[in-house]
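Just below is one structure, and these are the notes that go with it.
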Amino acid sequence: MCEPERSCSINEDIGLGSAFTIAHEIGHNFGMNHDGIGNSCGTKGHETAKLMAAHITANTNPFSWSACSKDYITSFLDSGRGTCLDNEPPKRDFLYPTMAPGQVYDADEQCRFQYGTSSRQCKYGCVESSGALVKATAV
């Protein structure tokens, strides 16, 4: 993170799914490798691949970090390689200082942005006007 070759990430906005990509790429900035066989901590009891999976599939849980990813970031922070994060950020005003996240665009609006004007949020994700579930989410 505090090294020039690991201090930035460029991602294309493809909608709500970009959040997973951005978090995944920031994981690399913090020294994380992909979940699964081939990384330095193995698969930790063969747990399901999570946010740092090389590819998101139906069997991936991108809503949390694997035990392996947690080991990587702990090692990164304990090594002192993240000391630049101790810098106090500059003070500046935000566009919506009195609004909490989710108030600017509620879940229904976010589904409409991603899946079309007839889509809406439901317990298990976004639903199109046809009633088809288009994105399952962990609740």
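Backbone N, Cα and C atoms are what each Cβ position is placed from, and that goes for glycine too.
According to TrEMBL, the protein has these features:
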type	residues	note
DOMAIN	1-89	domain 'Peptidase M12B'
BINDING	H24, H28, H34	Zn(2+) binding site
ACT_SITE	E25	active site
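Shown here: features listed in TrEMBL, placed on the structure.
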residue	record	contacts (Cβ under 8 Å, 6+ apart)
H24	Zn(2+) binding site	L51, M52, P62
E25	active site	S9, N11
H34	Zn(2+) binding site	M52, A53, A54
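Note on H28 (Zn(2+) binding site): other Cβ atoms within 10 Å of its Cβ, all shown chains, come to 15. Mean pLDDT, taken over the domain 'Peptidase M12B' (1-89), works out to 80 on the 0 to 100 scale.
The Cβ centroid of H24, H28, H34 marks the Zn(2+) site; residues of that chain outside this set whose Cβ lies within 8 Å of it are E25, G27, M32, N33, L51, M52, A54, given in sequence order. In the three-state DSSP scheme, H34 (Zn(2+) binding site) is classed as coil.
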